[in-house]
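Visitor: Below, the features straight out of TrEMBL:
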type: DOMAIN; residues: A:3-181; note: domain 'Guanylate kinase-like'
type: BINDING; residues: A:10, A:11, A:12, A:13, A:14, A:15, A:16, A:17; note: ATP binding site
């Protein structure tokens, strides 16, 4: 049985990372796809864990070699998902979690229609604004850009399979966990020749025609 | 937000009832749809809880009045799902669990394409045969009929959205619970006008055009 790609997206500041971190500890056969970025690390972020931090030149070189599943420029920085890692883990039967912006998610959707697309939304645009103000890691211009972007991103919710409105972190974690488990019971994902053979064990050859 | 109908089906003797019973205690807003049947109660079964036990004449009268969402004759007995109960609970926003045979599930599928269809399969046909032998509540003729039917039912798995192979009861309960929770986060089920209004609260009128 092949693995499944889960694309988790939504406006920045919405709490995607907290939900995903909690999820990684609760499930088996789950791997996090580490993206490449040209943006500088934030305090506490580790190269190779949170992101692969690369120079703009290196990023463009990789992009030209076709090494990204998707890439995007967000708030002046480049972000990209290394293709090789995702494909290898799908072959291994793993669940791969991709945490990307909406622009990138829509790009993946055009190439991977078998992936599962999950949108994490704030309780409202108003609440997102307050959260970003409290976080206070940015200047007001960068924040305005982020909010403008959030509005556009929220207009794309309908493109996603699932919508988690993140009002309560514990509830959102349970929702995400349930989605990931449920998807591994989808008939179209699991019913392959091997499983059919296993299920029909004990039906004699002469009977199968009935 | 409207409720969702979950149709749980699979060969008899597969353990559907144990999975559903456990589920009912673990989730909120969940109701079990009680079917009508003309078969006599088994020891421990309670009228109005496990089934509404009715006479063949009464059943046929209800059927003629169009009171069933689906009905079927299985092993010589009539089974039917009262329509009113299901529709009322969908309006209330509840999750309704329907435990019916495959023939009935396929009938519901023709009328309710928005329902979620879950097939519970034995680890193999061979294992099901052993389980039924151990249960020993029936004569060998009725058991042969049941096994013949199981084969046909298992050939319909592909019609179902989800497939739970019941090898481990606890795992199957978690699977079913995850499916029911996950489905309540499906974008197409929940993104109505009211939610859109709530999500975009704080975006001023003049901005929404951007």
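Any Cβ shown, glycine's included, is placed from N, Cα and C.
Keep in mind that what you see is a predicted model, and the values were worked out from it rather than measured.
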Visitor: Here are the binding-site residues: A:10, A:11, A:15. Which has the lowest count of other Cβ atoms within 10 Å?
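Guide: It is A:15 that, of the binding-site residues A:10, A:11, A:15, has the fewest other Cβ atoms within 10 Å.
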Visitor: Below 8 Å Cβ to Cβ and six or more residues apart, same chain only. Which residues does that give for residue A:13 (ATP binding site)?
Guide: A:122, A:128, A:131, A:132, A:135, A:146, A:150
Visitor: Looking only at A:12, A:17, the binding-site residues on record, which one has the least crowded Cβ, with the fewest other Cβ atoms within 10 Å?
Guide: A:17
Visitor: My understanding is the cutoff is Cβ-Cβ under 8 Å with a sequence separation of 6 or more in the same chain; which residues meet that for residue A:14 (ATP binding site)?
Guide: A:120, A:121, A:122, A:128, A:131, A:166
Visitor: Could you say whether, by DSSP, residue A:17 (ATP binding site) belongs to a helix, a strand or a coil region?
Guide: helix
Visitor: For the recorded ATP site, enumerate neighbouring residues of the same chain (Cβ within 8 Å of the Cβ centroid of A:10, A:11, A:12, A:13, A:14, A:15, A:16, A:17, site residues themselves excluded), in sequence order.
Guide: A:120, A:122, A:166
Visitor: Residue A:16 (ATP binding site) has how many other Cβ neighbours within 10 Å of its own Cβ?
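Guide: Its Cβ shell of radius 10 Å holds 24 other Cβ atoms.
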Visitor: Using DSSP and collapsing to three states, where does residue A:10 (ATP binding site) fall: helix, strand or coil?
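Guide: Assignment for residue A:10 (ATP binding site) reads coil.
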